[in-house]
Amino acid sequence: MGIKAALPRYELYLYTAVLGVALIWAGSWIFEASSENVNRKAFKESVKPGWHYFGRKMDVADFEWMMWFSTFRNHILFALTGHVIFAKIFSLLVPKHRSLIFGLYGGLAVLVTMGWTFLALVLSHCIILYSVALVKSRWMCFAAGLATLASIKLEPYNSWQESLVTGSFDLQDILFYGGCGFSIIRCMSFALENCDKKDGNFTFFDLLKYNFYLPFFFFGPIMTFDKYHAQANNTQLTRKEREMWNITTKALLHLGVILMVDVFFHYLYILTIPSDMKLVTKLSDWCLAGLAYSNLVYDWVKAAMMFGVINTVATLDHLDPPQPPKCITMLYVFAETHFDRGINDWLCRYVYDYIGGDHDKIFKELLATFCTFAITTLWLGPCELVYIWSFFNCFGLNFELWVAKFFSLPPFSTIEGAMGEAMSRRIRGVFNAANFWAIVLYNILSLNNLEFAKLVGRRLIVKGFPMSTLSVLLVTYCGVQLIKERERRQALLDDPEPVKAVDGGKEKSRIKQEELGKLTFTDFMVNGPPLTLFRPRPCELQRNQTVTASHHL
């Protein structure tokens with residue numbers, strides 16, 4: 001089936017209406033559960049007084065969100081603002097050495113924040129991996145890098161290294177493991193890129209300048225060495241037309257979304273409710289489905305906002321950082337599921353694509369996914385929950401390939417070829433809807449807890465069959481078709497279908513006006529608002545074809 005297969009407009013109207021009503025219905029159940037149980041004893045630690053003019057308590061269960069946008073907001077803003085000012089001044093004065101300035105400022109900030117023992121520990125990791133990089137052996141770089149990463153993820157080595165860092169403050173553990181973990185991953189990228197360098201080696205100072213870029217140091221995202229080195233050493237510091245307008249617009253958009261999420265937490269306690277299993281067992285199937293889905297959407301929003309803030313700073317430094325992850329609402333295949341595009345790009349470049357090649361051979365794909373998720377498991381920290389998460393996501397990625405191979409054989413391929421493209425799209429949508437909920441169930445393991453994931457699966461698949469199961473799948477099917485419609489319209493924009501027209505014997509390529517000329521409510525739901533609402537000039541859109549391999553958790 002071609003991606004440009006279209007469905008009737010009235011059918012899309014129906015899908016939009018069904019999806020909208022279902023989301024409102026599920027949201028009303030969550031709102032009711034939140035309002036009626038706000039004073040439960042189990043909610044005492046995670047539901048605190050919120051903004052006084054709302055007169056409601058607020059869900060504060062996510063420490064990471066509160067750290068970024070409430071508790072330590074001023075500290076983070078102070079550090080990033082200092083970096084922007086410092087970097088801008090020296091970029092104007094000595095543009096040839098701006099990467100050195102980035103590294104010096106980052107190293108000084110790390111020293112002031114975490115102390116000289118932590119800085120010495122990070123430098124020791126850099127020295128070890130740089131020494132191995134000089135050998136120019138990929139397997140030795142991987143072995144040394146993974147062994148170093150294991151030393152901060154496994155007992156007793158991680159406790160011993162953590163004890164070397166003196167001082168005590170609320171963020172110390174997070175900054176320690178975040179700083180060391182991302183530093184090792186960056187060093188591995190440096191070492192692997194050095195293996196591919198044919199003439200000579202990169203210098204140790206190249207590694208330090210790359211590793212101590214402050215916006216990426218503690219929280220990511222990961223930008224592979226080849227991209228950072230080329231961009232940070234570029235002395236042609238020019239802006240594209242309207243680039244500052246786009247940066248400002250994105251910054252304001254991030255601020256608006258952050259405020260909206262905080263308002264949202266006053267009314268829907270989506271993070272606290274799943275932790276109270278006594279309450280969860282009493283909720284309706286629709287409420288459970290809404291909680292599972294909203295938890296994944298929120299985690300994507302959180303990743304997009306945190307990386308969005310960092311990426312805004314990196315863009316001001318004339319870098320092109322990894323973009324935020326693809327929204328979970330837009331995913332219906334495991335091959336595009338990821339929550340951290342930086343780690344995902346790293347794993348794809350050095351592991352998944354390197355081993356899997358073109359990803360159409362079953363054995364090579366199995367080996368590539370196994371190696372990818374083995375490294376991901378170590379990155380996340382080996383434990384029972386991570387093992388289960390990795391297994392199911394690895395299985396899902398391979399199962400997609402197996403099913404695709406199976407249905408590409410006769411008589412299935414013959415039957416699909418005989419039917420219309422619209423009907424083929426509908427049939428595929430049914431399978432994609434089931435796949436979407438597999439993605440949801442596999443990933444709420446890592447966001448909530450195993451018991452909540454088992455309960456949701458049991459209620460929606462076993463106890464809720466057939467009514468709850470089929471109704472949830474119907475709503476999901478409507479959502480999948482709207483996603484496919486958005487992809488179809490994007491494909492038409494990227495690759496307009498040629499239409500023959502008599503004009504001096506020449507053919508003109510244009511997009512049919514009836515497809516893109518009319519803008520309705522469904523167009524906003526399916527395709528989003530027009531780009532011109534946010535950008536005075538059209539820009540080139542690229543559809544990043546990535547594969548799953550990671551989750552920042």
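A Cβ is built for glycine as well, from the same backbone N, Cα and C atoms used for every other residue.
TrEMBL lists transmembrane segment at one of the ranges 136-154, 212-230, 383-401, namely 212-230. Sequence-distant contacts of the transmembrane segment (251-271) (same chain, at least 6 residues past either end, Cβ-Cβ under 8 Å): 27, 30-31, 33-35, 37-38, 43, 46-47, 50-51, 54, 56-62, 65, 69, 291, 294-295, 298, 301-302, 304-305, 308-309, 312. For the transmembrane segment (427-445), same-chain residues at least 6 beyond its ends with a Cβ under 8 Å from one of its own Cβ atoms are 1, 292-293, 295-296, 328, 331-334, 337, 385, 388-389, 392-393, 396, 400, 403, 416, 419, 452-453, 456-457, 460, 472-473, 476-477, 479-481, 484, 551. Same-chain residues lying 6+ beyond the ends of the transmembrane segment (12-31) with a Cβ under 8 Å from its Cβ atoms: 267-270, 273, 283-284, 286-287, 289-291, 293-294, 474-475, 478-479, 481-482, 485, 521-522, 525-526.
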